[in-house]
Amino acid sequence: MPEYELRHDWRLQEIEALFALSFPDLLFRAQSTHRRHFDPNTVQVSSLLSIKTGACSEDCAYCPQSARYDTGLPREDLLPVEEVIAAARVAQEQGASRFCMGAAWRSPRDKDIDRVVAMVEGVRELGLETCMTLGMLSDGQTARLKEAGLDYYNHNLDTSEAYYSEIITTRTYQDRLDTLKRVRDAGINVCCGGIVGMGESDSDRSGLLLELANLPKHPESVPINMLVRMEGTPLAGDAKLDPLVFVRTIAVARILMPRSYVRLSAGRTDMSDEMQALCFLAGANSIFYGEKLLTAANPAASHDRQLLARLGMRMAGTTVEYMEKASERRGLA
Ligand code: SAM
Ligand code: DTB
Ligand code: SF4
């Protein structure tokens, strides 16, 4: 692979220039990059479960789980481990290869970690990859999660540093970067991306991708979420982003982070099949799969299977190597 492809020294103007390419030029470049590193017809699928819902102390303007907004969302305490394992089993039967568990916390309390660790161990035992998103972590917590065998930790930068304070005031951009560093240093794979369609400028979208691409190591997984305008949140009435700008954002992410999985994440219920096909062409190679994200709707699993079939694409199975490890753990090898 040419060295220039894994850069960590991007300048904002260069990224803005990629966004400014003609749509055919941008998509051709993104698809060419994609093909050098991935099978362009395969999509990794992850399923999500909210393991603790609502009543969150933070003020993220997009989020229905913040205690500050009246969104009518029922709150739920940390789920029992068996309930989480049962949901993971269903996701696996539907074809998911990774199970992502999300909690509406600013950061977990140490006393929550024992149960969270049991969830990671139980889901791994099924032969699924594991991902958690629990907010900010301490060094001790990342060590516990690593020891439990957590594969990925999701913690998003959400937007550019410049626009961040318009969206969240209860924790800083630097707090997020600090957690990402702890996760990376603990040897857990990083899942980090953001949200577009929150009223940010073109330059903010470039700024978000600049931060991601210039991290010391590219995140293994980069979720690009389209804002889901949730009733009762400050952003509920925001104008819809031009779908072609969303596709461009995916394409630029693919060019900047050639070896990362770029996930076409939240917001797919508002996207046509054709728009999603364009996102795959632009280099997206991962989706959230299953009827629900954390609290918002997601396309039906059967619809996604049909869409991939219509496109002649397929879901990536859990890697053989991973399945072998799982059966070894279960003493079946
Ligand atoms: N509380 C933890 C945190 O904030 O890190 C973990 C869960 S939080 C819901 C995970 C991510 O979901 C957020 O960082 C944000 O990027 C995404 N998200 C939340 N609400 C969203 C919405 N309405 N539309 C799109 N993405 C959303
Ligand atoms: C991510 O980037 N998107 C997912 C996952 N990481 C945790 C969450 C999307 C949440 C959409 C709104 C909801 O379901 O509440
Ligand atoms: Fe809480 Fe996470 Fe929602 Fe922010 S995004 S309000 S931290 S659940």
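Just so it is clear, glycine is given a Cβ too, placed from its N, Cα and C backbone atoms.
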Problem - Candidate from CYS63, CYS131 that TrEMBL assigns to the same [2Fe-2S] cluster site as CYS100, CYS191, ARG263 - result: CYS131
Completion exercise
Cα-Cα, CYS131 ([2Fe-2S] cluster binding site) versus CYS56 ([4Fe-4S] cluster binding site), nearest Å, comes out at 20
Completion exercise
The answer for which binding-site residues (CYS60, CYS63, CYS100, CYS191, ARG263) have a CB under 6 A from ligand 3 is CYS60, CYS63
Completion exercise
Residues lining the [4Fe-4S] cluster site besides CYS56, CYS60, CYS63 (CB within 8 A of their CB center) are GLU58, ASP59, TYR62, PRO64, GLN65, SER66, ALA104
Practice task
Could you tell me which of these binding-site residues, CYS100, CYS131, has the greatest number of Cβ atoms within 10 Å of its own Cβ?
Solution key: CYS100
Handout entry: Cβ contacts of CYS60 ([4Fe-4S] cluster binding site) (under 8 Å, same chain, 6 or more positions away)
Key = SER66, ASP158, ILE167, ILE168, THR170
Exercise for the section: Among the binding-site residues listed here (CYS56, CYS63, CYS191), identify the one with the smallest other-Cβ count within 10 Å. Expected result: CYS56
Completion exercise
ARG263 ([2Fe-2S] cluster binding site) has its Cβ surrounded, within 10 angstroms, by a count of other Cβ atoms equal to 26
